[in-house]
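**Q** One structure coming up, written as structure tokens, with questions to follow.
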């Protein structure tokens with residue numbers, strides 16, 4: 001009855017919060033505020049049925065103003081922003097345009113498309129035009145990125161250029177370096193443009209790399225059923241050999257750079273560079289790589305030395321896990337269901353969060369480049385701003401669009417609604433993960449407790465386990481997910497407070513916050529571990545969450561040495577498998593994207609940074625391998641708990657036979673006897 005109430009509470013609360021917040025957000029929110037950029041007048045760029053229908057790109061009048069410190073506070077560049085149909089493709093200033101206008105009126109025809117609508121040259125003096133920002137003081141060659149015009153940066157031989165120029169003339173006739181544009185535009189925006197281009201040109205090959213990693217992961221797990229011992233020893237020595245080769249290669253690169261000019265410059269001297277190939281020309285870079293790999297190699301070897309006696313039992317357990325997965329092959333594809341459910345939850349939460357964030361009316365604030373303007377960041381009315389005293393006290397200030405909000409009761413509680421949306425999102429996500437763990441554990445438990453394998457394994461064990469989890473265990477899973485979600489929610493609040501208190505000078509407050517973050521991180525890890533084992537016990541006995549968590553805890557405590565060693569050894573072996581798969585696919589991707597495979601050299605796309613698709617393939621391959629191996633890890637954990645239960649409930653007699661395979665029992669007995677002898681001696 002208790003957990004039926006938990007089920008009812010879960011469905012009621014999740015539905016009420018999730019769908020109520022979504023309904024309210026959809027009633028008040030406006031997705032156009034996120035889809036379309038907004039100009040200084042609060043109008044959308046590119047929205048059909050408006051004067052800006054054919055002007056889908058946002059243009060900044062004076063991009064140099066974006067280097068102003070107020071940008072970091074207000075998240076808004078203090079310059080007029082206008083919707084345009086295309087970005088400028090040349091350097092020009094308003095002063096030069098005025099001079100050239102006398103000889104050729106086409107200069108004005110091009111320049112006026114970046115001026116305010118309705119402004120006609122030359123009705124006003126230049127000083128008044130620039131003061132009132134009727135026209136931009138200058139334009140620079142730009143390209144659209146996220147529907148905004150940013151300078152078109154290109155690095156040539158390590159030199160930053162815009163339209164093959166390293167200098168330009170600003171709106172006041174001064175000669176400036178393009179580095180000033182980079183500082184104003186933001187180095188990360190320029191880097192983001194190039195990364196976006198690399199993804200656009202290499203997405204197909206990235207997809208091929210991820211498909212290859214999926215096939216390799218599937219083949220690897222299938223091979224484990226027949227050659228688990230040999231394969232894992234090959235993985236262990238393969239990883240050691242691969243890291244060793246990396247150490248040798250780094251040493252070779254380090255030695256070859258010795259004596260070369262400028263190779264002894266330190267990384268701190270050159271600072272952050274968008275072209276990462278610059279770092280590969282430094283001997284210090286390869287020295288850091290070599291030391292890092294040497295430390296990793298030493299850690300792997302030391303771990304293997306200390307757990308060498310437990311590797312055999314871990315491999316035996318992995319062999320049994322391979323047999324279980326071989327009998328229930330559908331478990332390998334269950335993560336796809338979890339992924340789809342998680343994607344649905346994330347999409348709903350993200351859409352609701354966006355609608356909540358876009359609720360309200362346009363709010364305008366005073367933007368001034370003067371550091372001592374007391375009106376900066378105060379709300380204003382664009383229709384009456386020109387008649388106010390602000391323009392006199394703070395010359396050059398603008399009343400520009402800042403964000404969407406309001407002062408109503410609804411707008412005051414938007415932050416609370418966002419928090420409710422976040423908490424329920426964490427709850428639903430953790431419930432989805434718990435459902436997957438309980439389903440897999442139930443399927444593998446049905447394999448272990450079959451006396452004759454595979455004859456006694458029930459039909460469709462995965463589907464049956466999924467049905468049982470939904471029908472009988474939803475309340476238990478929801479309760480466990482709620483506990484974990486509350487801890488994660490508190491951690492997010494602590495991270496938010498830490499972010500807000502970055503500039504605080506109170507050492508005790510920072511220390512206390514750091515301690516709280518550390519404690520809740522440890523608590524989250526412990527709850528995840530206990531929940532995982534509680535779900536296994538739920539799938540075996542069908543008890544409620546509290547009873548299953550208690551039984552799992554005491555069972556693990558009675559077998560604490562086995563848990564401490566076997567669990568970590570199997571995790572380490574599976575981690576090496578993930579490392580080998582992602583590393584192998586990564587090496588293949590490296591040779592491909594660096595054009596070192598002659599057969600398909602012409603197929604390689606032109607890239608700004610080859611490391612962009614390379615890192616994407618490596619990370620994606622690791623996550624795919626993690627998805628497959630997570631099923632494997634769940635299988636091993638379930639079999640291990642079943643094995644511990646088997647030893648306590650049965651004695652191997654005809655009336656109480658062991659359900660574990662005889663080979664696994666012999667290895668476990670030998671290992672336990674060896675451990676007892678070591679303890680006695």
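Yeah, the Cβs are placed from backbone N, Cα and C, and that goes for glycine too.
Note that the structure is predicted; figures quoted are calculated from it, not measured.
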**Q** For the transmembrane segment entry in TrEMBL, name the matching range from 546-566, 609-629, 630-650.
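**A** From TrEMBL, the annotated transmembrane segment range turns out to be 609-629.
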**Q** I'm validating the feature mapping. Which of 182-202, 203-223, 371-391 is tagged transmembrane segment in TrEMBL?
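**A** In TrEMBL, the transmembrane segment feature sits at 203-223.
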**Q** Given the cut-off of 8 Å on Cβ pairs that are 6 or more apart in sequence, determine whether the transmembrane segment (203-223) and the transmembrane segment (609-629) share at least 3 such pairs.
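**A** Between the transmembrane segment (609-629) and the transmembrane segment (203-223), which are separate recorded stretches, there is contact, as judged by 3 or more close Cβ pairs.
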**Q** Using a threshold of three or more Cβ pairs below 8 Å, and leaving out pairs closer than 6 in sequence, do the transmembrane segment (609-629) and the transmembrane segment (472-494) count as in contact?
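**A** Counting Cβ pairs under 8 Å (6 or more apart in sequence), the transmembrane segment (472-494) does not reach the transmembrane segment (609-629), since there are fewer than 3.
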**Q** Using a Cβ cut-off under 8 Å, which residues of the same chain at least 6 positions beyond either end of the transmembrane segment (609-629) come close to it?
**A** 194-195, 198-199, 202, 205-206, 209-210, 213-214, 217-218, 220-221, 274-276, 332, 335, 339, 574, 577-579, 581-583, 585-586, 589-590, 593-594
**Q** Below 8 angstroms Cβ to Cβ, which residues of this chain, lying six or more residues outside the transmembrane segment (286-307), approach it?
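**A** Counting only partners 6 or more residues beyond its ends, the transmembrane segment (286-307) has Cβ contacts under 8 Å with 236, 239-240, 243-244, 246-247, 250-251, 253-254, 257, 267, 280, 565, 568-569, 572, 576.
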